[in-house]
Structures are given as structure tokens and as C-alpha cells.
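According to Swiss-Prot, the protein has these features:
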type: ACT_SITE; residues: Asp18; note: active site, proton acceptor
type: ACT_SITE; residues: His46; note: active site, proton donor
type: BINDING; residues: 17-23, 45-47, Arg310, 336-338, 418-420; note: GTP binding site
type: BINDING; residues: Asp18, Glu19, Gly20, Lys21, Asn43, Ala44, Gly45, His46, Thr134, Arg148, Gln229, Thr244, Arg308; note: IMP binding site
type: BINDING; residues: Asp18, Gly45; note: Mg(2+) binding site
type: BINDING; residues: Ser304, Val305, Thr306, Gly307, Arg308, Pro309, Arg310; note: substrate binding site
Amino acid sequence: MIRKMSKNVVVIGTQWGDEGKGKIVDWLAESVQGVVRFQGGHNAGHTLWINGKKTILRLIPSGIMHDGVTCFIGNGVVLSPEALLREIEELEAAGLDVRSRLQVSEICTLILPYHVAVDKAREARKGEGKIGTTGRGIGPAYEDKVARRALRVQDLFNPALFDEKLAEVLDYHNFVLTQYLGAEPVSANEVRDQAMALAPALAPMVRDVSSNLFALQQEGKNLLFEGAQGALLDVDHGTYPFVTSSNCVAGAASAGAGVGPQALQYVLGITKAYTTRVGSGPFPTELVDEIGTRLATIGKEFGSVTGRPRRCGWFDGAALKRSVRLNGISGLCITKLDVLDGLETIQLGVGYRVNGEFRDVLPYGAHAVAQAQAVLEELPGWTESTVGITEYSKLPVNARRYLERVAEVCGVPIDLVSTGPDRNETIVLRHPFKG
């Protein structure tokens, strides 16, 4: 059999999440037959604006908005059945066909009520020292996976095995809850009854996702792998311990979807024209003045899932350089360029001073990053609006110069520029699937 040629693209956030991946995945989905989520859980919200209507997706890939596109939730995702089914119902109420176009890996780790209880109790106990989790049980579920005590989607359809595994894992978590965290225990019967009640609705969507993705590749179908969070929140390469609990880098698409690394041919890095961060953790280019407030206000910088305000700062090119290296980024997509409209001057981070020495790439670990002082370069701003522009040549001259300097500092070309929330408000310099 001669294998047909397909092209597969990985979309990755290059900062601390919230870069605008959802819109770009939705836009790129016109060129694919499958969209795959490969890590994270329902802690990450992807916001889409379609013809002026706002849609927030937490678990379901953004390709669901396109007829004829099959969406996959890969094994690297930690899955709350309750959250998934609620999201499906919301989309169906809006008139979308979801269940016939969604496949869920049978080996996804389940998020169950005791994970949420542990997550919330830990954050409450830490007080001011908390990481800033969403309290949705993501971290504790990944802990169970690594400790080899997790319940998985396939266990929902073997009640005897489910009960056996639940008794073991709940014995551990209830000990932690009551003896260490000072919280109430979780009832095994309640966990079981809830899970078994949800299982029949989930069953028709449960598949061997890895095999089905392989089959699509053999047929020459294009695939899009949709990352959640951002590379600087990666559990290994991010500002540890102020990170998420999964690997957010492009390489995680292979393990988290069950495809070979040779299937990942192009990596698109999504980055804002400035920088934001939610929750705790070091942030070298953060602005705590009126400009930071202005960026947050104009950029509507509030979390799509939690509603938490985002911290804002100048674009950090040295942090992006780390992301470019980690992900093997082929090209960048710059989002929210319009938020910088009207600024007289714009600062761009090109490196750091660490113990008196210049560093041109983000150090590893939160302690080292906290010691780093951003080295900023000043560029002229622009007064003209960039909103809705779809041709690069029509951008203000200084906006083009800013983008060119960003590409130079990061060492990778800019292939796309998003000039508004709607999928059509996009400048294409090189199309990831067609270029």
C-alpha cells in the first residue's frame, strides 16, 4: 500500500497560556480532517468568536465548530466525564453535532470528585504560598497517573475492576484529606454512582484514538494537534514550581495522542504581541503601572474559565527564544497586535541581567527567573488602528518594524498575524498547511 501524503501541524502556546490558540486552531481547522487535544484538562479555556458570537471550549477541540472535522481527545488529557458531557450539551444546545464527531481515548486518566477535593484543600492549606491552580483536580489526577493508581476511561465499563481500583485509590486520598489536609473524606459510593451514571453517555465516543489517527494519516488526511496552556507552564521546562501538571511542549503531542514523532511536521507557536500571566510565579517584563492596566483593559485580560485577571507586561523575546528551542517552532503567529495601538513607545524584552551577566534566553526554574532583570529595548509605537487588517503591507510602518524585530530577537519567522477575534481577521504570510 502506498501511503498518501498528509501534513500535520502542532499549535503550541509559547508563553504562560492565554495566547489566543483557540481562534487560530478554529481558523486552521478549515484545512484538516481531524483536530486533537493531547494534554491538560478542563482547566484551559479556548475562546472563539464566530460571526460575533463568543464560544468557550474547555475540553473539546476547537475544530468542532467545523462540519466534517473529527475531533479527538487523546490519552494525554485528564478527563472529567461530568465536565465533558456538560460541554457537549452546551454545544448541542447551540445547534452543533458533537457526539458523532468526537472520539475519546479509552486510556485517558479520569478526574473524579476526590481529585477536586484534594486540589481545593491543598490550595486552601497553602494560603499565600499557593500555586494558583484552577481547583478542578487536574494536578491530583496527573499524580495518580504517574503513581500508577489512576482510573481510566476504559475502567468505567468494567464495574468490578472500577470498584477494586476505586477502593485502593480512595483509601490513599481520604487519608491525605483527613490526616494531612484536615478536610472531609470522599464517599466511595457517591463517586461510583456518579461515574456509572455518566458512563452510558460517554460510551459511544470511546475509541482507540491512536489507531484511528494512524488510519487517517495512512489515508493522507491532514491533522491538527491543539496544545493547551503554554510552554512556559510546562511541568519540566516552565517556571517550576509555578507550572501546570503536564508537558505543554510540541513533543507532548506524540505521547499524548499516540502518534509517532515523525507525524509532527510543522509547529506553529502562538504568542501575544505582549505578555500575560495568570496566578503566581515570576514575570520579568511585568508592568504594574498604568500601561499594564491599559493592556489588561483593552486586551480584556480575564481568564475564560476562571475569570481571574491576568498580569500584563511587555513582550519577552528572551522567554520566546526558550519556547522556540523547546518546541522546534517552524513559525510564529502574533495575536492581539491591536492592543498596542496608540502607544507612543513600546518596550521589547531582549534578555536579562542575572548576577551582573547578560542572558539572552529565559533561565530555568522560578528562583532563577525571579532573580532575572529584564533588559528592554525601546521601539516607536503607532497611532493607526490595526484592527481587522488582513494584508501585511497595510499595517502601520512601525507595527511592521515591531513585528520584524520580534522575529529577529526570537530567531523564527512570523507566519500569521491575528488582528481581531474573528477567524477572518488574520494576516497570512505563510500558511502552515499550504506554504
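Yeah, the Cβs are placed from backbone N, Cα and C, and that goes for glycine too.
Sorted by the number of other CB atoms within 10 A, the recorded positions Lys23, His46, Arg308, Arg310 start with Arg308, the lowest. All chains included, 12 other C-beta atoms sit within 10 angstroms of the C-beta of Pro309 (substrate binding site). In this structure, the C-alpha atom of Thr47 (GTP binding site) lies 9 angstrom from that of the residue listed as 'active site, proton acceptor'.
Ranking the binding-site residues Gly17, Gly20, Gly45, Gly307 by other CB atoms within 10 A of the CB puts Gly307 at the bottom.
Using CA atoms as reference points, the recorded positions Asp18, Gly20, Lys23, Leu337 were checked against Thr134 (IMP binding site), and the closest is Asp18. Considering only the recorded positions Asp18, Gly20, Lys23, Gly307, the residues lying within 10 A of His46 (active site, proton donor) on a C-alpha to C-alpha basis are Asp18, Gly20, Lys23. In this entry, IMP is bound by Asp18, Glu19, Gly20, Lys21, Asn43, Ala44, Gly45, His46, Thr134, Arg148, Gln229, Thr244, Arg308, whose most widely separated C-alpha atoms sit 34 angstrom apart. Geometry remark: Gly20 (GTP binding site) versus Gln229 (IMP binding site), CA distance 10 Å. On the backbone, the CA of Gly17 (GTP binding site) and the CA of Arg310 (substrate binding site) stand 10 Å apart. Within the set of recorded positions Asp18, Lys23, Leu337, Thr419, the entry lying nearest in space to Arg308 (IMP binding site) is Asp18 (CA atoms).
In the three-state DSSP scheme, Asp18 (active site, proton acceptor) is classed as coil. Around Thr419 (GTP binding site), taking its Cβ as the centre, 23 other Cβ atoms fall within 10 Å, counting all chains.
Following the DSSP three-state reduction, the secondary structure of His46 (active site, proton donor) is strand. The closest partner of Lys23 (GTP binding site) among the binding-site residues, by CA position, is Gly45; the full candidate set was Asn43, Gly45, Gly307, Pro309.
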